[in-house]
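Take a look at the structure set out below.
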Amino acid sequence: GSKAAADGNSSEAVVFLLVGFADSWTVQTTHAVLFLLVYLAALTGNLLIITVTTVDVRLQTPMYFFLRHLSFLDFCFISVTVPKSVVSSFTQDTSISFWGCALQAFFFMNLASTETALLTVMSYDRCVAICWPLHYEAIMSQRACVRMMALCWLSGGVSGLMHMAATFSLPFCGSSQVHHFFCDIPQLLSLLDSTAILPEVRVMVFVTSLVILCFGLITLSYGYIFSTVMRIPSKEGRWKTFSTCVPHLVVVTLFLVSGSIAYVKPVSSSPSISDLLLPVFYTVVPPTLNPIIYSLRNKELKAALRRLRRQCGVGAPPGPALRA
């Protein structure tokens, strides 16, 4: 059933229905429980990294400065979509207001774009550290890191505003069913008159081009890294760098490629299982995997976690707070 306003021009009166994975109670409950467990795992992992990289004096370096921001981004990113979906599945109330949907789409695009920019900066940071170690401190100064981070957040905010302005300024009419577990732009466009969506299509082409550019720069950075690593004489040294960089590259590729496919391919009126599962790879998987990939293989982070546990155990005062 549609709850769209009888007056098609009154967009503010529209209540969207987030038609998730299935109508069956069993499937909805399974989806809700799985999403809730994944969400709690993502929150725990990301909050732990934020805490450790903030309080530990030995982790006040550019790499951990960016990692702290990535964890904060992932914490926010997964919180924009998953809690609403879990509550909707448990309560079987799939409705979301016009402004609720607009804000969800804005924050989703904002955080996704910021994360894309940050992952590009992080690959550059690793490239400088491995390929030009003698110039690392000069290139990645504290001021340079803060400026790069500010540009990442600014680019995300502009992207989110462009998407929201281009989509939600148009009149929604007809069906209000969104075949998704959150308000994603491609699904919302399918509810609009196809002649009216040109402004948002232009925004999507522009942003997708920037994503492809970022992916190209990330690939270039890792190309430099791998060519430098191949010249390391010790096999153990080569393996250590590969085993650290390859998982990073896999998650970045999964995030950017799955997101680009979802935004470029035509939206189906009756979505298949793959249409519903694809967004999970760019909304849920990266924020959950990032803490595991960036911390489990990192000796410094593991040592910092042990120090934090000891401090909490004996009531020692925490280290100095975040510098930048």
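Numbers run from 1 along the shown chain.
Any Cβ shown, glycine's included, is placed from N, Cα and C.
In TrEMBL, annotation is done automatically, which means it is predicted and not curated.
Annotation comment: TrEMBL describes 32-53 (among others) as transmembrane segment.
Marked as domain 'G-protein coupled receptors family 1 profile' by TrEMBL: 45-294.
For 65-82 (among others), the entry in TrEMBL reads transmembrane segment.
With a threshold of 8 Å between CB atoms, the same-chain residues lying at least 6 positions outside the transmembrane segment (102-124) that come near it are 63, 66-67, 69-70, 73-74, 76-77, 80-81, 84, 96, 148-149, 151-153, 155-157, 159-161, 163-164, 167-168, 182-185, 188, 207, 210-211, 214, 217-218, 221-222, 248, 252, 255-256, 259, 282-283, 286. The feature transmembrane segment is assigned by TrEMBL to 102-124 (among others).
Residues or ranges marked as transmembrane segment by TrEMBL: 145-166 (among others). Within the chain carrying the transmembrane segment (145-166), a Cβ under 8 angstroms from the stretch's Cβ atoms is held by residues 62, 65-66, 69, 102, 105-115, 117-118, 121, 185, 199-200, 202-204, 206-207, 210, 324, all 6 or more beyond its ends.
What TrEMBL lists as transmembrane segment is 203-225 (among others).
Long-range contacts of the transmembrane segment (246-264) within the same chain, counting only residues at least 6 positions beyond its ends with a Cβ under 8 Å from a Cβ of the stretch, are 112, 115-116, 119, 122-123, 126, 184-186, 204, 207-208, 211-212, 214-215, 218, 222, 278-279, 281-282, 285-286, 289-290, 293-294, 297. Marked as transmembrane segment by TrEMBL: 246-264 (among others).
The transmembrane segment annotation in TrEMBL covers 276-296 (among others). Tertiary proximity for the transmembrane segment (276-296) is limited to same-chain residues at least six positions away from its ends with a CB under 8 Å from its CB atoms, namely 20-21, 35, 38, 41-42, 45-46, 48-49, 67, 70-71, 74-75, 77-78, 81-82, 108, 112, 115, 179-182, 184, 247-248, 251, 254-256, 258-259, 261-262, 302, 305.
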